[in-house]
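Colleague: Okay, handing you the structure first.
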Amino acid sequence: MEKDFCLLLRGLVLLAMVGTSLEIVESNIIQVWSVPGGETRLPCDLAASARDVAMMMWFKDGDRMPIYTVDFRNGPPTHWAVAGEFGSRAHFVLNESDTTSAHLVVEKVTQFDEAVYRCRIDYIDSPTRNYRVNLTVIVPPDPPKIYDNEGREISGNMAGPYREGQDLKLTCQAPGGKPPPDITWYHGDERLGIARDASSCQVHITSLSREMSGAKLRCRVNPPLLQTLVRDVTLKMYLKPQYVRVSGGGATRAGHERSFVCTTRGSKPAPNIDWFINAQRIDSSLTQVEVDGELTRSVLTWRVRREDSGREFVCRVSNPWFPAYTLEDSIVLEVIYPPIPQISLIEPRESRQLREDEDAVLLCSADASPPAFNYTFYKGFEDHLVRDDPIGGIAVEGQKLFLHGLRRHHSARYRCRAWNSEGSGLSEPLNLNVLSQPECSAGNVVQQIAGAPGGEVRARCSVSAPSARDAGPLKFYWTYNGTRDVLPIPVSNVTTMGSSSTVIHGLPNIDDEDLGWLACWARNDIGNQREPCLFRIMPAGFPEPPNNCAIENDVIRCEAGHDGGLPQWFVMEALGVKQHEIEGNELDSTMNDQGVSGRGLTETVYKTSNDASPQFALDALTPGRYTFLIYAVNPRGRSLRPAALHSVPVRTTEDLDRPGSLQTMTPVPPQNSSPQDNSVALLVGAVLALVMLTILTTLCVSMVVMCKKKTRPGRDTEQSALTRNVGVSMYSGTALSPSIVPTVVVRGHRGSRVLAARWSGVLDDTPLAVLALDTRPHNMDTHSEDDYHETELITHENMETQTDA
């Protein structure tokens with residue numbers, strides 16, 4: 001029904017405004033407003049006599065074809081309009097006596113006529129002139145609606161309820177108007193706010209007064225060329241109580257009943273009246289309430305007791321719409337009672353502002369009858385009695401406790417006790433928080449760290465300080481105190497996180513037992529740290545070797561020893577055990593520089609490292625017996641001796657000796673005959689050995705002579721040595737020249753690439769290890785000269801090829 005009424009009202013307004021329009025000339029365009037169904041004019045000033053005009057053309061928006069043309073060239077003006085509905089409603093009007101009033105008339109304006117029109121005038125002897133006219137078809141706005149502070153629409157004529165002192169915001173909206181109307185708020189004849197060319201207007205009244213209760217506010221909507229629309233609202237308000245009075249005081253004897261009256265006025269709605277005695281609410285069943293218009297009374301009937309002496313009766317008046325606003329009045333009963341003390345900080349006033357080196361004064365006050373005459377103070381959760389301590393800056397003088405030169409240990413809970421002739425009372429606690437400068441954490445004042453000349457040291461400094469919210473964020477800076485000077489450490493080497501700071505500092509490369517000190521300082525908004533956290537840099541030592549080594553599931557596991565003060569890692573070497581040592585099952589007493597037996601061991605056949613822990617897998621080793629050496633290494637060097645596991649058997653379940661299987665890395669040593677127990681056998685063996693040595697020497701000399709004859713011209717002698725020096729010690733230095741690439745020759749059909757992978761551990765110290773394979777079948781017992789072939793490696797500029805010799 002309301003919607004139909006609005007549509008009817010809009011239609012009546014449009015009919016009343018038919019034939020009206022409004023022109024506004026702006027900088028480069030003429031604004032023309034018109035109501036739907038009315039008649040409008042689109043002005044176009046000829047700026048000359050009609051005799052000087054050749055043609056006049058009208059264009060709509062950006063069209064290139066004119067919608068209306070007037071031709072002045074051949075006598076009387078000839079009019080031409082675009083075919084269609086617009087041409088039937090448009091005609092050009094020209095008053096030759098006043099060419100400035102020339103205009104194009106458009107009848108029965110519709111929404112489709114809204115556009116930017118361009119009038120073009122072509123003169124006979126003058127340049128062409130253009131005018132732009134913006135035609136806006138007026139659309140009446142919707143009936144105004146009013147919304148409250150939270151955006152809810154006020155459907156009736158009553159706005160609120162609002163509380164006294166509350167800010168008022170009302171929004172009047174009239175959308176849909178084109179152009180937008182002017183919207184104005186009024187209180188009587190006083191204009192409260194206006195919004196021009198807008199769809200809404202907001203009125204804002206801060207702190208509503210009592211006088212605004214029942215006030216009427218009006219919203220007026222003024223669209224151009226149309227009738228004003230009006231909407232009124234009345235303010236509903238809740239009011240605070242204006243005053244409160246308590247009567248009925250005077251001396252009262254114990255055991256007698258007495259009536260106390262609390263009177264209040266001005267609250268809307270009626271207030272709540274509560275009675276309290278010493279901050280405790282009194283049961284409402286003891287009171288009676290009477291309402292007379294704006295006047296409200298509450299009568300309390302109370303039987304006075306001895307313990308009520310000196311207590312305060314309080315009448316508190318409150319309006320539920322103003323929870324933070326109350327009015328109180330009170331009377332005091334004249335009865336003796338023990339003290340009720342209270343401790344407070346009187347200097348400075350705010351406990352959160354306590355800082356180191358300042359003074360603080362605590363006051364113990366007591367509500368007592370008769371007055372209290374003795375006071376004591378207590379500290380901590382265990383309530384230790386506070387006594388005078390001139391050295392600690394503590395003084396007790398009557399009701400006051402003086403704390404001079406505050407320090408962190410003064411942060412505690414304080415209470416006080418007061419006495420009178422009726423007894424004593426203990427106050428509620430007061431917590432003092434003294435904001436202090438940073439200081440080193442307990443046990444962290446001086447520390448020792450290890451370092452090496454020319455290396456880096458890392459130190460972590462932790463301080464204790466109040467929270468950043470109270471004393472500001474912590475800032476750290478470091479210095480290096482050398483033997484000659486003190487140097488600040490760049491910020492780029494410092495990392496800070498919360499109450500800790502970590503620094504990385506490079507030590508000078510000097511041979512000195514005193515490597516200096518690192519000093520860490522912190523500061524906050526309270527001040528700088530008084531004493532720095534110190535780190536004495538001690539010379540780092542060699543790491544200790546691992547210990548308690550054991551083998552389990554083909555893995556060696558050891559316990560790491562002391563790292564010498566620097567980060568350490570671990571290295572394992574595997575040395576093959578010769579066959580006669582396996583049968584003897586004991587080590588030679590002669591020890592090498594590595595702390596293990598030198599006799600009966602081959603060169604290192606495998607080497608690996610572990611950065612995390614002394615733990616090594618043995619799956620890369622071939623079956624056999626090995627002596628394992630495990631070292632700890634840090635930037636200062638390796639441990640002076642290794643942890644050793646002697647003659648450890650390494651077995652696998654896979655049969656690696658069958659034809660076609662992979663060749664193992666470490667060949668199985670030949671089985672030696674059992675030792676003879678009698679001297680005759682030893683003598684025979686010695687004679688046979690001497691004979692065999694003579695025969696072998698003769699054969700070797702003959703073969704060397706033959707080989708020299710067969711050697712090709714230009715063959716390098718180092719190349720012939722290449723096939724012999726394949727055992728390289730890890731620590732005794734390489735036996736090969738850096739320019740020589742060793743070649744390992746393996747015979748038989750059992751060779752494979754696996755051999756090359758496993759031999760890489762043997763030749764770890766050489767620049768390159770290449771395995772040349774001869775896969776032709778051979779006899780296990782004898783080898784003819786024709787079956788013996790060697791493979792050599794030729795290297796030219798990092799390009800490797802293999803040729804048969």
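Placement of Cβ uses the backbone N, Cα and C atoms for every residue, glycine included.
Bear in mind that TrEMBL entries carry predicted annotations, made automatically and left uncurated.
Keep in mind it's a predicted model, so treat the numbers as computed, not measured.
Copied straight from TrEMBL:
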- 37-136: domain 'Ig-like' (DOMAIN)
- 144-222: domain 'Ig-like' (DOMAIN)
- 241-332: domain 'Ig-like' (DOMAIN)
- 341-433: domain 'Ig-like' (DOMAIN)
- 438-524: domain 'Ig-like' (DOMAIN)
- 654-675: region 'Disordered' (REGION)
- 1-27: signal peptide (SIGNAL)
- 680-705: transmembrane segment (TRANSMEM)
Colleague: Using a Cβ distance cut-off of under 8 Å, indicate which of 37-136, 144-222, 241-332 has the most pairs with the domain 'Ig-like' (341-433).
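Modeller: Ranked by Cβ pairs under 8 Å, first place goes to 241-332.
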Colleague: What is the average pLDDT across the domain 'Ig-like' (241-332)?
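Modeller: Across the domain 'Ig-like' (241-332), the average pLDDT comes out at 86.
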Colleague: What are the DSSP helix/strand/coil residue counts across the domain 'Ig-like' (438-524)?
Modeller: 7 helix, 45 strand, 35 coil
Colleague: Within the domain 'Ig-like' (144-222), count helix residues (DSSP H, G, I), strand residues (E, B) and coil residues, in that order.
Modeller: 3 helix, 42 strand, 34 coil
